[in-house]
Amino acid sequence: GGGGGVNIQVLLRCRPLSKEELSINTPVVITCNEQRREVSAAQNIANKQIDRTFVFDKVFGPKSKQQDVFNHAVVPLVGEVLDGYNCTIFAYGQTGTGKTYTMEGGGGKTQDGELPSDAGVIPRAVKRIFDILEAQSAEYSMKVSFLELYNEELTDLLAPDESKFSDDKSKKPMALMEDGKGGVFVRGLEEEVVSSASEIYKILERGSGKRKTAETLLNKQSSRSHSIFSITIHIKECTPEGEEMIKCGKLNLVDLAGSENISRSGARDGRAREAGEINKSLLTLGRVINTLVEHSGHIPYR
């Protein structure tokens, strides 16, 4: 928000069990109560039943639809972005829990400008932004960037493909810099100017195809990197006094890699190092969020 204010909401989404999980009689250990915004976990330790209950700002049960999550969690934020605020939405959780599905969707194709029912947060947010701007006949410009963080290194997912013969070792890793106004930017990051929702869908598809994925025991195509899809919007407005004013809002849509127990995911060698880096970065993020919520004097950004 403006003036450095931070508004953090924690929403929990439970995914339904797959046919394979149902066929092996997986015991149901998690139950959720959407009305009371509670999730209960039942555990049997040394023949002792231990039940624990956790409370969230909002709980979406296993039957929740992509549209429900979007309407509750994202629609208000799109309004704030168009008012000139910086907002971030990210999906956090264990490998195989449906983060990429929630953020990007199930892979259904857009037809006649209409989104499929399984479309995720990113395409829905894009469509809503354009719908609102067109309804207001606003004068605006919009650009997007798509960044990947893998093994502590940044990659630009929108950069033009290098020649097959170029030497990867000679490429300098992208650097994160401070901009002198209290913000950060990535030096040399490609920003594409867009004028329609369909352009953004194509960019998203192109960038997602370059992301690092691998098969683990927990998930056939597990995201092994964090990705940040950013939309920056400049809107020209006139004040009642007749002065021109430019509002600048930014929406960061983040799909995090899954945290995981290395032994359970079957990670070995390079895959285990990768999992260790993922877990380390998620722990750091967790610390930052906790200190922001507690309004601590020092925020351990990294």
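Heads up, the Cβ atoms here are built off N, Cα and C, so glycines get one too.
Quick caveat, the model's predicted, so the values are computed rather than measured.
The ATP binding site annotation in TrEMBL covers GLY93, GLN94, THR95, GLY96, THR97, GLY98, LYS99, THR100. The annotation domain 'Kinesin motor' is assigned in TrEMBL to 7-302.
Everything TrEMBL records as a feature, shown here on the structure.
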{"residue": "GLY93", "record": "ATP binding site", "Cβ within 10 Å": "16"}
{"residue": "GLN94", "record": "ATP binding site", "Cβ within 10 Å": "15"}
{"residue": "THR95", "record": "ATP binding site", "Cβ within 10 Å": "22"}
{"residue": "GLY96", "record": "ATP binding site", "Cβ within 10 Å": "18"}
{"residue": "THR97", "record": "ATP binding site", "Cβ within 10 Å": "18"}
{"residue": "GLY98", "record": "ATP binding site", "Cβ within 10 Å": "18"}
{"residue": "LYS99", "record": "ATP binding site", "Cβ within 10 Å": "24"}
{"residue": "THR100", "record": "ATP binding site", "Cβ within 10 Å": "24"}
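Across all of the domain 'Kinesin motor' (7-302), the predicted model scores a mean pLDDT of 80.
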